[in-house]
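Here is what Swiss-Prot says about this protein:
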- Gly31, Leu32, Ser33, Ala34, Ser35, Gly36, Lys37, Ser38: ATP binding site (BINDING)
- Ser105: active site, phosphoserine intermediate (ACT_SITE)
Amino acid sequence: MATNITWHPNLTYDERKELRKQDGCTVWLTGLSASGKSTIACALEQLLLQKNLSAYRLDGDNIRFGLNKDLGFSEQDRNENIRRISEVSKLFADSCAVSITSFISPYRVDRDRARDLHKEAGLKFIEIFVDVPLEVAEQRDPKGLYKKAREGVIKEFTGISAPYEAPKAPELHLRTDQKTVEECAAIIYEYLVNEKIIRKHL
C-alpha cells in the first residue's frame, strides 16, 4: 500500500449535493444469473436519466472487460471483484449520482462489506434482492450458462455448483417472475423518492 500519498481536500459532499440538486447512493442489485438484474438496471438507469437525474450503471460488460479483466471466478477472485466494484460504486455515489450495480455478488459477507464501506463514508446503500426461482432462471438461461453448468462445462457456477447466499434484510425484494421489468424499475424509483434520495420528476 502506498504511504506517500496526500489526501487533498475537495468539494464537500453537501456542496456537491446542493450544486447537483440530488443525493447520491448505490443501488446494489443481487441475484442469480438470469434473475433480471441487468435488465432492471438498464431500465432504471434510463428512467432516471430521462428525468434529468444523474445515474450510472456498473455491470459485467463494463467491469469484467476493463477494470477487473485480470480476475477469474474463484472465490478469491469473486471477492476481489466485488471489493473493487464497491469502491468504484462508492465514488459514483460520492459524486451525487445514483450508482446502479448489477452483479450476482453471491456472498453475503462481500455485500455487507460494500454496505459498511458506504456507511463509513456517510453514503446510502440500497440492497435489492432480484429474486426468481432457480427453475425459472434455468428456463430463461439467455447465455446458455445453466446448461453448461449442468453438463459440467462451467465449474463453480452460482446456484448449481457454487452457493448463493440470499440477502437477509434487503431494502427491496423483487420477484421478477411476478413483476415486469418496468414495474421493478418503478418500484426502485419510488423507493428513492420516498427516501428523499432523489426528487420526484414528472
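Cβ atoms are placed via backbone N, Cα and C, with glycine included.
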> Cα of Leu32 (ATP binding site) to Cα of the residue listed as 'active site, phosphoserine intermediate': how many Å, rounded?
Replying inline: 9
> Between Lys37 (ATP binding site) and the residue listed as 'active site, phosphoserine intermediate', what is the CA-CA distance rounded to a whole number of Å?
Replying inline: 11
>> Taking 8 Å from the centroid of the Cβ atoms of Gly31, Leu32, Ser33, Ala34, Ser35, Gly36, Lys37, Ser38 as the cut-off, which other residues in that chain fall inside it around the ATP site?
In response: Ser102, Ile104, Val130, Val132, Ala137, Thr176
>> To the nearest Å, how far is the Cα of Ala34 (ATP binding site) from the Cα of the residue listed as 'active site, phosphoserine intermediate'?
In response: 13
>> I'd like to confirm something. Which of the binding-site residues, Gly31, Ser33, Ser35, Gly36, has a Cα closest to the Cα of the residue listed as 'active site, phosphoserine intermediate'?
In response: Gly31
> Which residues in the same chain, at least 6 apart in sequence, have a Cβ under 8 Å from the Cβ of Ser38 (ATP binding site)?
Replying inline: Asp59, Gly60, Ser102
> CB neighbours of Ser35 (ATP binding site) within 10 A?
Replying inline: 28
> If you count Cβ atoms within 10 Å of the Cβ of Leu32 (ATP binding site), leaving out that atom itself, what do you get?
Replying inline: 24
